[in-house]
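Everything on this sheet refers to the single structure shown next.
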Amino acid sequence: MTEISIPKSHPRYRSLIERDLLVKGFEEGIVVPQGLIAHGRGEAFDYIIGERTLPEAARAAEVAVAMMLLAKHPVISVNGNAAALVPQHIVALSKETGAKIEVNLFYRTEARVRKIADHLKKHGATEVLGEKFIEGVPGLESERRKVDPEGIYKADLVLVMLEDGDRTEFLKKMGKTVIAIDLNPFSRTARMADVTIMDNITRALPLMVELAKTLKTKESNSLKELASGYNNQTKLAEYIDCIQKRLKEEADKLRSTGSMR
Ligand code: PTJ
């Protein structure tokens, strides 16, 4: 990695640090080159929403955590990008909610699964599933069909982050609840999930950890109430409204500065 330190005063400091984490992950064999491209797509959406957690995303995160705490066998599915960007928060969320961690990769190699598991263990995980697998997602042809019998296969709820388009549909067909974190409200994953948190995982995961600390002290009835009546399609429409509103505000700002010149 180019050893140039990024000044904290740089307006894009956070974004540049994220890029560095991904490049480091790439050099260590955790992130695939395609993951760098995928991150770029995410960055574009993040830029448009103003690189902040929208109120709708905070609400989705709360519902998601309530569902994780209510689930019998929740599993956090981890890919290369997530492991590089938020390993400590994945471990913390697993500890706060009792969810298992499983490495599940689109560009799967056994060596990479092991590397990611070791990386998560270095960040405090005691158990990481994914090395032992069955071809357990009927109809799914990608490498993501390889799931641990004690993990995703058995799960009643799966948290997925930065997904390619096809898995959520098949997990849903298996009767599982799917929570997705995806900055792109147009993606198939975002559309197919039960709850989509349209936020950068670098903000969503820390928020979920904090929410879990509070929500785990609540009775299951109040968690059920919190999660009830959530409509993901309506929420996605609200996200798209936010994007539209922000674009219009930016265009109006330019028009008004233009008219002053
Ligand atoms: O590690 P592997 O082998 O499992 O491969 C992982 C990648 C990411 C390469 C694979 O899942 C993939 O190709 O994903 P896609 O189809 O590019 O989808 C990734 C989605 O995540 C896109 O909709 C992006 O907008 C979104 N995204 C990218 N970065 C972030 C993000 N969402 C939240 N936070 C981010 N930081």
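Keep in mind that glycine also has a Cβ here, set from the backbone N, Cα and C atoms.
Because TrEMBL annotations are produced automatically, they should be read as predictions rather than curated entries.
Positions annotated as ATP binding site by TrEMBL: R19, R41, D182, L183, N184, R188, T189, N200, I201. Counting Cβ atoms from all protein chains shown, R19 (ATP binding site) has 16 others lying within 10 Å of its own Cβ.
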Can you tell me which of these binding-site residues sit near ligand 1, meaning the Cβ is under 6 Å from at least one of its atoms: R19, N184, T189? N184
Least buried of the binding-site residues N184, T189, going by other Cβ atoms within 10 Å? N184
ATP binding residues R19, R41, D182, L183, N184, R188, T189, N200, I201: largest Cα-Cα distance, in Å and rounded to whole number: 25
